[in-house]
Every structure is written in structure tokens, then in C-alpha cells.
């Protein structure tokens, strides 16, 4: 069919004040602009969600079987677990694992560089996508595809490469999911376009397109929306359907056009796309355990409103905010939940103006897309709207509840539709320059958690999670006084914010403000009874307050809600040791080491307790077992050396003391105890040397002073005898 192959030259392309470049030159230029916009994030840290998805994700470690990637969610949790977010993205996790393997560990530079390169590649490929959507599938005599809108597609590609809303996806490493999804989305669309050649279509290329769609979906769930874009492209450009004219003919029962469309094989292609889409959705549903993810009111408050009208108003307000972020991406924030966007409670709220503006503008675009006499403009507007809306559908709350209010990352693909529409409404190079500058500034903010979190304070001052993350970052850097202020503000803004209460309680515990810490942690577990970490921290505080029975119950509650909790078993063991329940303490610490074999504190406490009880043989066995698992732990070497010294195994004891000092040469107690060993062993000069080193490091060590003075008297007596 001739319409498949070529449309006329796009008339507005000549009016764009840009040079006409070859395809390669245009792609290289767009890729370089993409690199320029985000290159300053290459040496950034792991920030925000990177901690859970990468740093703490066991699926990235070489010791974890590769098969676990296909059984767990994006965050490393089992998909069938009630706590899983059901985000099944194994191909994305696989690239994280490759980064980890190539770099030999968790080094963020490699992760960031790959993200930036992916964005550059996607931006370059977007030129081909735009060229087809604007100019169609024109081919030359050799069968090579022609770009009938070279300047328009080039400028649209530049806008896409430089859009600041992409910063979260590019500068944030977890945005890899959006990047890979977009790459396979493009490849699926471009492959679908290859199915049409010389008046016929190839089922082979349609099948390849479906496989690439499945790959996109295995990177992020949004990938399945490419089927909608492919279908719209087929109807609007391949079959050259005027939607308005078709609806009129169907309305007045004039079926000739409909028969023409059917004769082009459209139903066959749509059937293949539909069958493929249903198969993917069914497989996805089975993989995630047939249950949707469980989100809380904090994640998406509008979705928990009882009134359907209030839900609809707020969803539409969210859409208007997303549209504003595309149009004016200046107020960007890493998180938009927890009060950042207060709910609209009535139709008299002044923010209703934004809804009216959004729908007035959209209806105007739809009217132009349906009724414009300019076929090129009509087709481009329609496909631009499709590319804007269809990839956004999984995030719109219509089909299922999502776990966020606004997420800039979900606009990565939709921004391509915006860029296409933008060129039809206002061609401006000044806006492109503003976008480039904003990209550079925003990617700079994503380089560290400190700059990222503090930048959000001016955008979302009512967002409790922003204050929480600022406080957490301050606490991690040792500024607990400032952290307390932000944690208190987070709790004030969101009085049921249990994680802020838990962290604030921890800091107050360290400051010995135990009463307030107990009150906060008690409130946290009363709000969320299965909050295992808060139960454990409450137990630590109660233990410090000598409320031993309550502390034991708190620890047991923590273990009940999180069975594999080695740190809680360790703290429970400390409680039992304080109560002289030695067997219970040893059992608790043994449980900690079973759950976490490298739990050096639990190993060390077992050795020390057995040493204090006089069970030296058992202490020696435990110490040696521990060092087989954690061979470079100087604290266990120190404790085992003490035990061996008491067993008069002086040579072995000396070896462990010296090894411990190689690792930690400034340990005063280690020098002091080694001196005691030499003292007993009769190596008095060596004893004198290490006593002096110990006292130099810790002049106030009374026991070491006494032993040193005793040694000096003995050396003096020996001198007199030999004189």
C-alpha cells in the first residue's frame, strides 16, 4: 500500500533555524548534548533508593545464585512475600550485578557512567522514532528509510536529551529501570516499523517486536505500553485513518472506509499485539503471586479517599502537576509524598484552576488532532498525544493503585510525546538552552544525598519524608544535634511516621535521654505493631532503664515479626548476660551467628563470657571457630589470645596478640594484655616495651599502671641480684 511507504516532505521542517545534518551527525550531536547535560553526575554517590536496590540488595553479590534474580523483586525481596512491592525487573537487576562484577564491588562510578551512556543512546535513537512519527516510513529506491523531517526530529531529539525531568532516571542509579525500559521500548517500536515494506507486512518482525516488548517489561512494567503506541501508529500512519472521519462514517453507517482498513490486515496485526499483550500480563500476574502490591495511605493518600469524586479530583490534580513538570521542570523533588501535595478536599479549592487549565489545553489539542484540515499536523498531534499519554497510563491510578503521588521517573518516556507536541506549538531554541542549564544544575544536586535532600526542602517543605531524609543524612555524617531537629519536624508534619520516631528514639538513646526515647519507640510500635526494628530498639532502651522483663518481651516481639534477626538475638543475649542467665545468653548469641555467620560481636561475646565463667577449653573452641569465619577480626583475636594465655599456650597467644596489633596497632588494651602475657612468660623486656606502649596510648589505664610498676620493681630486684 503506497501510504505505508511515504508521506510528503514535512512542510514546517524548512522553517526550523537549524542546519540540516546527516543522520549520523544528528545522532552524535544529540548524544553529546545528553552527555553534556548529565556528565557531572558520573562520580556521584549511591543516593536515596540506591541504598535498598543496590547497596543492600543481596542479588547483586557474586555469592548469591543467579537464579534468585528471577525469583525476587527489584529490591531483593521474594516476590511472593507480603512486604514485596511486586516490581519484577530482572534484566535491570542483572545489569546492576554486571556493574558489581566488572568493578569488583560497589563502586558507584561504573553504575553512573552506564546510566549516562544509556541516556545518550536512547536520545540518539529517539531521532528515528520522531522521524517516523512525523514523516512516516518513506524509503528511497534502495529501500533505505528516509527522514522526511530531519530538522524537526533533530530538534525534538535535542529537547528529549536535555529535559531536566530525566535527572532522576539518569543521575539516580535505580533510574536504570526507566532507561532500559525506554531502550527496549524504542527497539520494539522501530522493529514493528520494519514489519512494513513493499506493500506487505512481516509477521516475523511483529514477533521480534513482541519479544522486545517483553524485554522492556522485564526492565520495568511500563514497557508493555509500547503495544499501545504500536497499535496507534498502525491505525493512524500505516492505515492512514482519520479518526474523526472514521467515527462520522461509522455513525452514519458508511462502512466503505472500515472495509478498506480491514483489507490492509489491521485486525490480524492488532490481534497479534493483543494476544502478545495478554500473554505478558498473565505471565506477569502469575510471577508476582497473583496479588497486587500493598501500599499505605502515606504512599498515595488520594487512593484511600472514600469519596470517588475526591479521588478523581486529586488524580486529575496530580496529572496537572505532571504536565507542569514537563512544561516547567524547575521545582523538582526526589520524593512527592507525605504532605508534599496536600489533598484537594472540595471543588472550591483554588487549585481546581489547574485541572481546568489541563483539560482545557488537552481538549484543545484533541480537537486539533481530530479536526485539523492539515493532515500532517493532525497526524503528528495525534501520535504526540499517544506517546505522551500511553506510557503514563500505568502510573495514572485508573487501573490499579500506585505507590507514589508524583514520580518524575515515570515521565521519562512520556516526555518524548511532550517534545513532539512542543515543536508544533512553539519552536524555541531559548527553551532548549534553559533545559540544558537546568539539567546541569539538577544532576549536580543528585551527586550526593546531602545536596539532593536539602534541595527538596524548598520544593516540598511540608513533606515529612524530605525532613526525615535530611535528618538521616545528617545523622549518618555524625551531626546528630541537627538530625534531631529534622526528625522532630518529620514527626510533627506526620504524627504517625514510625520510621522517623524510630530514628529519633535511637539518637535520644545514644544521648542518654532514655525516657523520651522509650515514649517515642513505644508509640511507634503501637502504631505499627509489626515494626521489628522499633521493637528491638525499644528493648535496648528498656534494658538501659533496667526494665528487664519489658526488654525481653520487646526483643521477643521483634523476633516474632522478623524471624531472621541476628542483631536482635545479639541484644537479647546481652540482656541475658546482664541477668547472669549465661546459658540463655550463649544460646541467643549462637542463634545470631547461625543467622549471620560473620556477626563478630556475637562470636566475641561468647568467647568473653566462657572465659569469665572459667570454661577456657570451650572458649578456645568458639574463638577458633569464629576466626575460621571472620579471620581478620582483631577483637576476636584479642579475646582468644587472652584465653590461650590463661591456658599457658604462650606462643599461640603471642601470635594472636601480634596479629591483632598488625590490624589495629593503636589498641592500648591489646598492648597491655600482651605485656601481661610476656610478664607471665618471663620475657620481661618485651613486657616493659608493651606496657609503655599501652600507657602511651592510654595513660589513665590503672591496671596497666599497677602491672607496669610491679614489673619495674621486679626488674630492679633482678639488677640488684646481678650487681
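One-based numbering along the chain as shown.
Cβ coordinates come from backbone N, Cα and C, glycine included.
A TrEMBL annotation is a machine prediction, not a hand-curated record.
Pulled from TrEMBL:
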- 291-362: domain 'DUF1736' (DOMAIN)
- 464-497: repeat 'TPR' (REPEAT)
- 532-565: repeat 'TPR' (REPEAT)
- 566-599: repeat 'TPR' (REPEAT)
- 634-667: repeat 'TPR' (REPEAT)
- 668-701: repeat 'TPR' (REPEAT)
- 116-137: transmembrane segment (TRANSMEM)
- 203-219: transmembrane segment (TRANSMEM)
- 226-244: transmembrane segment (TRANSMEM)
- 315-332: transmembrane segment (TRANSMEM)
- 352-371: transmembrane segment (TRANSMEM)
- 383-404: transmembrane segment (TRANSMEM)
- 410-437: transmembrane segment (TRANSMEM)
Return the average pLDDT for the repeat 'TPR' (566-599) as a whole number. 95
Counted with DSSP (H/G/I as helix, E/B as strand, rest coil), the repeat 'TPR' (668-701) has 28 helix, 0 strand, 6 coil
Top stretch by Cβ pairs under 8 Å to the transmembrane segment (410-437) (candidates 116-137, 203-219, 226-244, 352-371, 383-404) is 383-404
With DSSP as the yardstick, break the repeat 'TPR' (634-667) down into helix, strand and coil residue counts. 27 helix, 0 strand, 7 coil
Within the repeat 'TPR' (532-565), how many residues are helix, strand or coil going by DSSP? 27 helix, 0 strand, 7 coil
Restricting to the same chain and to residues at least six past its boundaries, which positions have a Cβ under 8 Å from a Cβ of the transmembrane segment (226-244)? 3-4, 132-133, 136-137, 185, 188-189, 192-193, 196, 209, 213, 216, 257, 261, 264, 266, 269-270, 273-274, 276-277, 369-371, 375, 378-379, 382-383, 386-387, 390-391, 393
Checking distant contacts: for the repeat 'TPR' (566-599), what same-chain residues at least six beyond its ends satisfy Cβ-Cβ under 8 A? 532, 535-536, 539-540, 543, 548, 551-552, 555-556, 558-559, 605-606, 609-610, 613, 626, 629-630
Summarise the repeat 'TPR' (566-599) by DSSP state, stating how many residues are helix, strand and coil. 27 helix, 0 strand, 7 coil
Are there residues at least six beyond either end of the transmembrane segment (352-371) with Cβ under 8 Å to its Cβ atoms? List them, or say none. 243-244, 313, 316-317, 319-321, 323-324, 344, 377-378, 381-382, 385, 421
